[in-house]
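Scroll down for the structure; my scribbles are underneath it.
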Amino acid sequence: MFFFEKYRPKKPSDFLFNTDVLRQLKYLASNEDVPHIIISGPSGSGKKTLVKFLLEFLYDEDVNILRKRKYNINGSSTKKEIEILQSNYHIIIEPTSTNHDKYILQEIIKQYAMHKSFDIFKTKRKFKTIVIHNIENLANNSQAALRRTMERYAKTCRFIMVCNNLSKIMDPLRSRCRTFCVPLPTIENINTVVDYIAFMENIKLNKNDTKFILDNCNNNLKTAIWFLNCKGLNCSPFIALDEAFDLVVESILECRTGKNIFKIHNDIRTNIYNILITNIKGSEIINILVDKLIRKIDDDVINMNIIQYASKAEYNLTHGRRDITDIEYFISGVMQELVLNRNKEPEKSEKTKSKTGKLSRTNSKKTIKN
């Protein structure tokens, strides 16, 4: 068993960060009138663990006993059978950013809300809970349909929605929910968890090992635990996927050398297809590329234009287009920007200029004194 599964918090007292959000959820669950809830935060911030504890506060530990149930979905022209995880008290739905999500949500929620369970009265709750993960994957029409469905079944159901990016959720849907924004853990929190797991697993970490984990985890606790797991197994934490992203970034930067652009673009497309088959979302691919490119390009104007290309591509992705089309639009825009500015000197922001100006003045004073 992987460490991040083995050491997942079993009790609320085991949760070491974002304890203020946990206290607010516990207080909210103690009231009779529980609102719809949105929990938003980046990957690795503990959103799923918070949802688990919230369900235990609402009902009891029986919510962790899950089983699969099949639902028949009738779309506009197709019929599907989908397996959904559920307990006696709640159901878990994960949208897949397809055109069928609207019908999946409507049909599953309708069938689940109509099904009465007498076990629910043990907890004195008059409602069941519907948990929806990755709600930002829903298109605008699906989110509008979900809002209408929430209003229809408000007496018998409560909705807990989880997302990475709150800005992708339409305002009419957000206005009907109580929102909790969950930040990433601090380096101190991650260091505490890593030291605890290393002690329990008898893994000896020196200062360089700890520094490597903390510097490369990007404040993502799951990534840090994965690095520790690889250290315990004496294997490299960097997988082929990371190498594929690095190859794409190197190929994009190579266009500044004046080499064959068409060959570079074909190499990039091959690596992007290799990344896409791992089932990573297009928006996540663009975000990773933006982060890696900005770290390597020392020009504030180019970096600003890269972010603009990324925002346009990510906006188009939310409208249900093919991921590869918008990813290639982003990459082509970045390559065009680099080619047009390859002979220009890098431009700095005002803060950077002021810092360099101060350094030059202090150096000149030293030379005068000498």
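Including glycine, each Cβ sits where the backbone N, Cα and C put it.
Residues annotated as ATP binding site in Swiss-Prot: Gly41, Pro42, Ser43, Gly44, Ser45, Gly46, Lys47, Lys48. Taken from Swiss-Prot, the feature compositional bias 'Basic and acidic residues' covers 342-353. Residues or ranges marked as compositional bias 'Basic residues' in Swiss-Prot: 354-370. What Swiss-Prot lists as region 'Disordered' is 342-370.
Feature map: annotations from Swiss-Prot on the structure.
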residue: Gly41; record: ATP binding site; CB count, 10 Å: 21
residue: Pro42; record: ATP binding site; CB count, 10 Å: 14
residue: Ser43; record: ATP binding site; CB count, 10 Å: 13
residue: Gly44; record: ATP binding site; CB count, 10 Å: 19
residue: Ser45; record: ATP binding site; CB count, 10 Å: 24
residue: Gly46; record: ATP binding site; CB count, 10 Å: 26
residue: Lys47; record: ATP binding site; CB count, 10 Å: 21
residue: Lys48; record: ATP binding site; CB count, 10 Å: 12
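The DSSP secondary structure for Pro42 (ATP binding site) is coil. Within 8 Å of the centroid of the Cβ atoms of Gly41, Pro42, Ser43, Gly44, Ser45, Gly46, Lys47, Lys48, where the record puts ATP, the same chain has further Cβ atoms from Asn164, Val182, Leu184.
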